[in-house]
Amino acid sequence: ARCQCKLTPRERRNCGYPGISAVECRKAGCCFNASVPGVPWCFAPKPKRVRKVCPNDSYIRINCGFPGITARDCERRGCCFKSHPAGVPWCFYHRIVEE
């Protein structure tokens, strides 16, 4: 993503070889910016930022518990708990989303 390439020149970590083209750099999964002399033009992107969220759609829940599990026991497992609607898991795993 473009935002992963927004680094100050001093933050850049070399990701290519001398004379690498923008096309070859990007093919390698790196960022390319030749506007600042004396720093790497082909550089490693920032790591992706992710966070865990409890899904709102009850029909995509993946069961993390067992029938009758309490909210407290569910949360001790590191899972989400919502005791409605009927017929879907009430204790379920988080989803990982990119920011």
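Cβ atoms are placed via backbone N, Cα and C, with glycine included.
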Worksheet item: TrEMBL pairs Cys25 with one of Cys3, Cys5, Cys42 in a disulfide bond, so which one is it?
Response: Cys42
Worksheet item: Looking only at Cys42, Cys54, Cys64, which of these disulfide-bonded residues has the biggest number of Cβ atoms within 10 Å around its Cβ?
Response: Cys42
